[in-house]
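Look at TrEMBL and you will find A:20-40, A:47-76, A:96-116, A:123-141, A:173-191, A:222-245, A:257-284, A:296-314 tagged as transmembrane segment.
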Ligand SMILES: Nc1ncnc2c1ncn2[C@@H]1O[C@H](COP(=O)(O)OP(=O)(O)OP(=O)(O)O)[C@@H](O)[C@H]1O
Ligand SMILES: [Mg+2]
């Protein structure tokens, strides 16, 4: 037996142990969070927001194979929806859930608006145009002082409340985000396995052959852009509500790139991979906080290391949530 | 139900690939398209399937124009095809390669598939059953969960044909299905295609393997320099001096045509091996 075969044969068992380990860590973390100091809860919250963003962007990048570098625009749309509809800025004070709905719809519309002009583009060209789109949205926000407060942003956003329950403390947002991630994650995973998800995969593999089997690639791609943007926008609204302050600074190209990195490092096209990628890229800087100036360097080295040893990401595409569940609870 | 080409023409810049071709293809028959390299056979398939635009003339199915439709709409009118150079969804499984063909039929239920698990399970099961049935026809059921791109070349050819057949097409276009296959595989393919000769299906096969063409086809079209040179039964084609001339310049019998086709196959076999 060759080394590769031995490894392949050993994999299911060690895979099971690793699955259990990570599952246990995740559960422990969830259980422990309410007892952690606020600072750490905030870190975990921002991790959850990035997971949400990663799940959204992954639809376009991982499923449909379209490299979108302007994702942060949708995040901004959601954040500013909340900021404008629940603050003294326009003296509007809509309820949180209603704003979430509005943000979701606005996100979908912007997603389609971005999608239409880039339908014919792929690869590098698509990346550049979407990058431009992200910057345009940020610059508009930056310059529309009368509406968005310009670079100063909008402060004193309303405290959110859901059906009379106030969501204000970090721990409240932890629960809100956890539920959102679980619900969105499950739906997106089901979407991946649906016939539309298969069509996205076919478009990613060979767009022309996909048309040849009757897939209206225009509609399928717009659906990807719209769902992805909806999730980005929802994440933005929750983000704004938890910060109670928004400014264009939160929506730079760097954010888009960070989310793309999470996807690539974690495992493109796989929700579990996004959780892994986001965790590494979010928590590592926290762990390395003491080495302040060196953090970026460490991060860079880590990225190079990971890309060499695991070019398909930490969790490969084939190891999806269904496999995890089977490993954990199966025979 | 008939597929018709009416004064069809295709030009790539200065090159005239198809020149004033008028033909009609009746259902229930297997139509063969033969001709030397560069005769325009693939171009005919590509125009019919909507991969290439039509320079002049028209293509119609049942009197309904196809050439004005988009590629996916043509597919949804019941036209399925394979490619001269295999085009599978390489990183998807064999089963998924077929399942995704149900997109046009099932996409309307996507929201329900996402939100209502029992519905999704039922849909998936139904798709799966149909796909497995088709895979069995091509002896691919054992590969259902394998990545399509990892299959041996011959199996990939079969899978591509299975993908074209899974949604029960009215028009089946096969561009050199036997290219790169060995004798045994070609014989299997011939038998499987013969079984797919349905009364309401139009099958068009572009092929250089004369044994396959002569034994399988009911009607043969011979292309030469973009023109329709000859149309008739296999026996008529074999007897036609024009056809022999087109193939070999000085040919005088069908054995020479066979020999030419064999050369061609060897050439393709090499290409196939390089690919994989
Ligand atoms: N995309 C293209 N651009 C330019 N010329 C093309 C293109 N496709 C085909 N041609 C030309 O059109 C002519 C017909 O090509 P086609 O591929 O239809 O031939 P064929 O009969 O399928 O040949 P073969 O047996 O080699 O597959 C050839 O001269 C070819 O060079
Ligand atoms: Mg050809």
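Every residue gets a Cβ built from N, Cα and C, even glycine.
Please treat TrEMBL annotations as automatic predictions, because they have not gone through curation.
Proximity of the transmembrane segment (A:47-76) to the transmembrane segment (A:296-314) is not established, fewer than 3 Cβ-Cβ distances being under 8 Å for residue pairs spaced 6 or more apart. Same-chain neighbours of the transmembrane segment (A:173-191): 30, 33-34, 41, 44-45, 48-49, 51-52, 55-56, 58-59, 162, 167, 197, 227, 231, 234, 238, 241-242, 271, 320-321, counting only residues six or more beyond its ends whose CB sits under 8 Å from a CB of the stretch. Long-range contacts of the transmembrane segment (A:123-141) within the same chain: residues 66-73, 76-77, 80, 110, 114, 117, 148, 248, 251-253, 256, each at least 6 residues beyond the stretch ends and with a Cβ under 8 Å from a Cβ of the stretch.
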